[in-house]
Amino acid sequence: MSPDGFERPVWSVNGQHPGPLIQANKGDRLVLNVTNNFDDPATIHWHGMFQHGTNWYDGVPGQTQCPIPNDVSLVYNFSTTDQHGTYWYHSHFFAQYVDGLRGSLVVHDPDDPYLNQYDFEYLVVLSDWHHNTTGVLLPLQDAPGYSGLRPIPDSPLISGLGRYNCTAAPPGSKCKSNQPLAVYNVKKNKKYRFRIINSSADGVFVFSIDQHKLKVIEADGIYLKPTIIKKLPVAVGQRYSVIVDANQPVGNYFIRGTLDKRCTPINNATINFNSAIDWNGLGILHYEGAINKPNSKEFDDDFTPCRDLDKKHLNPIKPITKYDGHVTDFVNITITFGRDKNQRLKALINNSSFVPQMNDPTVNKITRDIDAKDLPKEQNSVIFNHNGGIAEIYVKNNNGADHPFHMHGHVFAIMYVGEKGEVHDKSKYNKRNPVVRDTLTIPGNGFVVIRFITDNPGVWAFHCHIEWHVELGMVLGIIELQDTLKKETIPEDVVALCLEHDLQKRTTRKMLNSIVINEIRSYD
């Protein structure tokens, strides 16, 4: 495929990139038959879905399942329960999603309080794009003595489309400049819900539509009190819904999905540091009847660079007070970087780099009655065993990089976000009406305090969603309510993956790769 004009192998879903949109209603059960036609093992994580009672379908190799081997199928079978909003799915096997295995998941809500405030809805999938596969990039990052930073992408993509300057392509490449841009058609005086997903490996995107302000109504599946903004910063893994009023003169206007260069550290040792990337990703908002080429002007910034959208725009539509109570469990973690004995770069959580055991996932161990306190150190496990309790995690960022951390199996309440130099002060916690979501940015050399309700038995990852940092080991394993989890029975087909599993070397990837998802929707 050639998403930005440059042809390269793509790890596709049903032959598509991004993968096909999966839609359901609140309360539906999703039955998804995933057939792996890669030469790689694979998994699929359903980003943002709680997986109540189905921890083994969370799709994290080494934690909740063994990878799906080549030419093998697995049926993921889980309920949306009472969840609603904008989600996505992606591989959690090495950095496979960066090569294309990602798509969108929308859970509609018949009781959506904003349902009558828009006429149509659109999906915008933002992603950074690399011309080298991760099979090339990861070994470079893992090389002893590597002193660069995260790999620099070659293009920003809006819903799988971007433009690359092919004069910079290596000799012998297949590349076509002036690729088509993503076009979103609107009618004058109609209102549109845009669901926006950052599915990148790394970059912070800034989304805007020239001359059209954005009414923010959802973040990570949580309804918000509506506020008006001009530009929307979106960290990796975050999702938003905004309402756009097509009330401007009929014409064509630029949609901007800009990779914020200010949030991308670089030095001369960084992989692809001399990338020919145009950081300004573009699409077009096309009014019916418009014939002019877009020449619209970009809004000025109205946000803090490299930080999440300001909390004044993230107030839940109804105050969420359940996090204001007695804290039953407290964990203090520190994230930083170091090097192993071979001088390979590692990400550390409390001085330990996560190493998944692909052929014996953590959930399998727990259900075999292995106590969580006896798990190997490199599982980076923390234990919460108070049913219905309030867990608090204090995360100290001991390095200068910002980290978008995502929690599986839960949303969490943000008690406080501290910048570099701030003193941890519990009196400043926002307990009465906190921001609630599942992904937040931890400032460089800063800290965050979050709380969540321990009501979902399972093994849940809490990790930086910069994929390059995941591969370096910046992953925590939350072992929640293990006494209940030990009584669960993992489905036979999930257990069988570990018996069939023969981990194939990434260096033997085939040119044509695809994964097939067959969706069956049933209404409860």
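Glycine is treated like the rest: Cβ placed from N, Cα and C.
Here the structure is a predicted model, which means the values were calculated and not measured.
According to TrEMBL, the features are:
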type: DOMAIN; residues: 3-111; note: domain 'Plastocyanin-like'
type: DOMAIN; residues: 121-266; note: domain 'Plastocyanin-like'
type: DOMAIN; residues: 358-481; note: domain 'Plastocyanin-like'
Across the domain 'Plastocyanin-like' (3-111), DSSP labelling yields 7 helix, 46 strand, 56 coil
Averaging pLDDT over all residues of the domain 'Plastocyanin-like' (3-111) gives 97
Summed over the domain 'Plastocyanin-like' (358-481), the DSSP helix, strand and coil counts are 21 helix, 53 strand, 50 coil
DSSP tally for the domain 'Plastocyanin-like' (121-266), helix/strand/coil in that order, comes to 14 helix, 66 strand, 66 coil
